[in-house]
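Asks: Pasting in a structure now, in structure tokens, and then I'll have a few things to ask.
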Amino acid sequence: MPSLRRLLPFLAAGSAALASQDTFQGKCTGFADKINLPDVRVNFVNYVPGGTNLSLPDNPTSCGTTSQVVSEDVCRIAMAVATSNSSEITLEAWLPQNYTGRFLSTGNGGLSGCIQYYDLAYTSGLGFATVGANSGHNGTSGEPFYHHPEVLEDFVHRSVHTGVVVGKQLTKLFYEEGFKKSYYLGCSTGGRQGFKSVQKYPNDFDGVVAGAPAFNMINLMSWSAHFYSITGPVGSDTYLSPDLWNITHKEILRQCDGIDGAEDGIIEDPSLCSPVLEAIICKPGQNTTECLTGKQAHTVREIFSPLYGVNGTLLYPRMQPGSEVMASSIMYNGQPFQYSADWYRYVVYENPNWDATKFSVRDAAVALKQNPFNLQTWDADISSFRKAGGKVLTYHGLMDQLISSENSKLYYARVAETMNVPPEELDEFYRFFQISGMAHCSGGDGAYGIGNQLVTYNDANPENNVLMAMVQWVEKGIAPETIRGAKFTNGTGSAVEYTRKHCRYPRRNVYKGPGNYTDENAWQCV
């Protein structure tokens, strides 16, 4: 039996930890009385111990989250913040006990008014004082925008900025040391919101991680809407079943997988892939469940073509090959894309009965001319952000089934041209990484585990975690040359099958050997 003398250090450490926890809990429960900020109504302040599976009874059903596991002790502050006489955002701040002196804002997705609790849990668990808002409305529909321009303005830019202003004040009020640096982490609409901050509020963040950004958003809505006009409804002679999309995908891989030097089921650079479909067009008498008709082949060609406007101007680049299986159930399913239908019904035409099956590029012209509150988020002069010392890191999955990765390359080129700077100069403040085998923000067939979300987390090492890579860039001046991704054996949380270093654009990954394609050192950025 160990002596009491040997146990004393452990008992003392345990007592200190409990005392610290009690102090933090007491500080949290008394914090509500200290909050007196303009336009802020505190709904509640709760201490949440680490390990809690937090129930979320007030979260809108369409947001799809009823609970969230919280890994570290946090002080949870729920608020309503007025943004005008007729609008407000629902805002939460999660202030962790293991605070590292860093502030962070999360973003949103789609058209949704959903607080992303998984991002709050993820980043507060890493020691960030984190805020997240509902973008000014509740649920995933675009209907709240109908005849409510103030709500729309919250969605476009005001929600995140308001959350930042309030969140920074709360952070300084709660922690004596305040915060040393501020960060942003978001994907999809969250990626667009990150770039909106870069463009419109250059002093809000020191570092912005913006994934699969939905900028060029009005044209994105039109691009998503136009797929129905290509595929037609289920059963039409232009429609492809999921099985036919699988056949198409296999043929695309046969033609394009080996371009990067390795046949591993992953296309490292879809821009080099221009599928020729003649090999899978039906021969006379062949079973049409095993091949494509001429009209179906035309459908595929149209899907892999850019969208041009009524005057021939490029609106949106093509969908990248390699994403077709995942996109088939969402974008090519024989129904109008819901977000696009909502946008046109409730914002563009203010007509809930507008028929989304009748969409044409003439509608795209109407929508783009409106561009309410500059939703496009397509401004290419980000010199103010650069002058403020900010860093922006963007990534895009090359299997993205919702937002073409080609659009991120298009914006990168626009910034370089507008600011008249070459890639090596852009690298000083703006870096873009293409993530092969990553679908929309997460998932996919490749090494998508880059730590951009809780579900893609592998570890907190900056070499393996895109958020912590940004922290290292901002705080130590060490900019990431590659982003290492993990390929999981059986989805998120399973063992790591292999890792791959994803290249900084405009470089691309090429297999050189001599090791197997699962060896990250067998690949080179060229």
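Placed from the backbone N, Cα and C atoms, the Cβ positions cover glycine too.
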Asks: Tell me, from Cys256, Cys282, which cysteine Swiss-Prot puts in a disulphide with Cys273.
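Replies: Recorded partner, per Swiss-Prot: Cys256.
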Asks: Have a look at Swiss-Prot and say which candidate in Cys28, Cys114, Cys187 forms the disulphide with Cys63.
Replies: Cys114
Asks: When a 10 Å sphere is centred on the Cβ of Cys114 (disulfide bond), how many other Cβ atoms does it contain?
Replies: 24
Asks: So for Asn311 (N-linked glycosylation site), how many other CB atoms are inside 10 Å of its CB?
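Replies: Around the Cβ of Asn311 (N-linked glycosylation site), 7 other Cβ atoms lie within 10 Å.
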Asks: Where Cys63 (disulfide bond) and Asp257 (Ca(2+) binding site) are concerned, what is their Cα separation in Å, rounded?
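Replies: Cys63 (disulfide bond) and Asp257 (Ca(2+) binding site) have their Cα atoms 36 Å apart.
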Asks: Identify, among the disulfide-bonded residues Cys75, Cys291, Cys441, Cys503, the residue whose Cβ has the fewest other Cβ atoms within 10 Å in this structure.
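Replies: Each of the disulfide-bonded residues Cys75, Cys291, Cys441, Cys503 was scored; lowest Cβ tally within 10 Å is Cys291.
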Asks: So which other residues, same chain and not among Asp257, Asp260, Ala262, Asp264, Ile266, have a Cβ within 8 Å of the centroid of the Cβ atoms at the Ca(2+) site?
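Replies: Neighbours within 8 Å of the Cβ centroid, excluding Asp257, Asp260, Ala262, Asp264, Ile266: Gly258, Gly261, Glu263, Gly265, Ile267, Glu268, Ser436, Tyr511, Tyr517.
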Asks: Using C-alpha atoms only, work out the spacing between Asn85 (N-linked glycosylation site) and Asp260 (Ca(2+) binding site) and round it to an integer in Å.
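Replies: Cα to Cα, Asn85 (N-linked glycosylation site) and Asp260 (Ca(2+) binding site) are separated by 56 Å.
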